[in-house]
Amino acid sequence: MAFASEDNVYHSSNAVYRAPSNHQEADQEALLGKLLDYPAPGLQRPEDRFNGAYIIFFCLGIGGLLPWNFFVTAKEYWAYKLRNCSSPASGEDPEDMDILNYFESYLAVASTVPSLLFLVANFLLVNRVQVHVRVLASLSVSLAIFVVMIVLVKVDTSSWTRGFFSLTIACMAIISSSSTIFNSSVYGLTGSFPMRNAQALISGGAMGGTVSAVALLVDLAASSDVRDSTLAFFLMAAVFLGLCMGLYLLLSQLEYARYYMRPVAPVRVFSGEDNPSQDAPSASSVAPASRVMHTPPLGPILKKTASLGFCAVSLYFVTAFIIPAISTNIQSMHKGTGSPWTSKFFVPLTVFLLFNFADLCGRQVTAWIQVPGPRSKLLPGLVVSRFCLVPLFLLCNYQPRSHLTKVLFQSDIYPVLFTCLLGLSNGYLSTLVLIYGPKIVPRELAEATSVVMLFYMSVGLMLGSACAALLEHFI
């Protein structure tokens with residue numbers, strides 16, 4: 001019995017099956033975790049006891065983005081270190097002020113460009129290096145970089161500010177590269193699991209941002225010395241990275257996880273040449289090593305994910321364009337009143353905490369609601385509508401500004417509302433896009449497709465951060 005054509009094939013956790021001809025019906029079925037999870041012949045599907053795998057993936061999601069979030073949210077620390085530490089009020093030369101004013105943009109570019117390159121590398125390594133090697137190695141590198149940053153917290157860098165800046169950018173590039181390998185490897189792993197596990201991982205990423213924002217606020221409130229608060233900040237990140245290593249090792253011991261992590265035989269239906277019969281080897285059979293392709297077929301994956309890829313690029317372009325380069329430079333209209341809520345805590349509250357919490361809420365909603373579907377024209381329409389948020393943020397009290405002198409929204413409530421809308425839309429729509437991608441291809445291509453989806457995401461982040469860095473000089 002022949003398989004359906006490529007356009008009508010959907011991926012379950014363990015098999016490929018003929019999708020209904022009606023697109024709306026197909027979308028609904030593709031989103032039902034239970035229906036997508038057909039057990040292979042001869043194997044009984046185990047239950048996720050006590051939601052152990054779900055919790056582990058959620059924690060791994062936190063750990064995957066925690067290093068980046070901790071780097072970005074430590075704004076006061078970077079401002080302190082990039083000035084003359086012993087005399088912050090002294091006159092800096094124009095080059096030092098340029099580094100200080102546009103540091104967030106430099107940091108964003110340093111994180112997105114290496115991320116893009118290492119996503120390509122990870123795509124090539126999918127079938128060459130085992131996933132547990134990639135995960136543990138990337139976590140170890142991130143942990144080592146944070147140890148270096150912890151040591152530098154207490155080092156007086158006032159005599160080599162530019163050298164410290166270069167070292168920080170290099171550390172950010174390494175952190176971004178290792179985090180990319182970790183995130184894409186774990187996200188690819190969830191492609192073989194039911195959809196709820198991918199949702200847990202993606203929601204965990206938003207929780208990582210929320211945790212870092214809360215930790216920053218607590219540190220700022222509890223410590224008068226920015227170095228002490230940052231030391232506690234970075235130590236927390238290092239401890240959690242170590243915890244992630246332990247949790248990942250624990251994951252492979254769960255019966256539920258072992259069931260979905262077992263090897264899969266190659267399926268020829270996706271080659272574009274012919275359609276195999278359903279009598280081909282089942283998904284549970286183990287493929288001989290000599291038959292496993294070293295590099296997944298990129299062309300068919302790009303074809304199947306073209307629409308979702310456009311959505312991913314557009315979504316993250318807008319988000320990276322606004323955060324952190326634009327949003328962190330929006331000041332309270334009442335900054336001069338002397339209140340800490342309109343000065344010291346304004347950016348941590350209205351940008352980092354609010355955005356990450358709204359992002360988390362948007363991602364959690366996808367655990368119960370998954371509309372529009374992967375074939376719906378409404379999905380790209382909603383994504384494109386987010387471009388309207390860019391001018392709204394620019395017309396808030398962004399400082400410094402030399403050319404665009406008009407501040408249209410002269411109330412602090414506007415950046416709060418815009419940030420909520422940005423976070424909710426980013427969380428909900430990006431989660432839908434990322435969990436759809438690996439589910440519209442055969443299971444053995446799920447990990448490679450996950451890497452491709454993250455590649456789309458990184459392209460959007462890189463373009464957004466680069467455009468924001470350019471735009472800042474014209475505002």
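Glycine is treated like the rest: Cβ placed from N, Cα and C.
Membrane sidedness, as given by the topological domains in Swiss-Prot, differs between H132 and I413. In Swiss-Prot, the feature phosphoserine is attached to one residue out of S21, S192, S224, S343, namely S21. N84 is the residue among N84, N183 that Swiss-Prot labels N-linked glycosylation site. Counted as Cβ pairs under 8 Å, contacts with the transmembrane segment (106-126) are highest for 163-183 among 52-72, 163-183, 231-251, 378-398, 416-436.
Non-local neighbours of the transmembrane segment (135-155) in the same chain are 63, 67, 77, 164, 167, 171, 174-175, 177-179, 181-182, 185-186, 227, 230-231, 234-235, 237-238, 241-242, 244-245, 248; each lies 6+ residues outside the stretch with a CB under 8 Å from one of its CB atoms. With a threshold of 8 Å between CB atoms, the same-chain residues lying at least 6 positions outside the transmembrane segment (163-183) that come near it are 63-65, 67-68, 71, 78, 81-82, 99, 103, 106-107, 110-115, 117-119, 121-122, 134-135, 137-139, 141-142, 145-146, 148-149, 152, 157, 205, 454, 458.
Within its own chain, the topological domain 'Cytoplasmic' (184-199) has Cβ neighbours under 8 Å at 13, 31, 33-34, 36-37, 53-54, 57, 60-61, 64, 119, 122, 126, 131, 134-135, 138, 248, 257, 260-261, 264, 363, 366-367, 431, 434-435, 438-439, 443, 446-451, 453-454, counting only residues six or more beyond its boundaries. Per-residue pLDDT, averaged across the topological domain 'Cytoplasmic' (362-377), gives 91. Residue counts for the topological domain 'Cytoplasmic' (362-377) under DSSP, helix first, then strand, then coil, are 4 helix, 0 strand, 12 coil.
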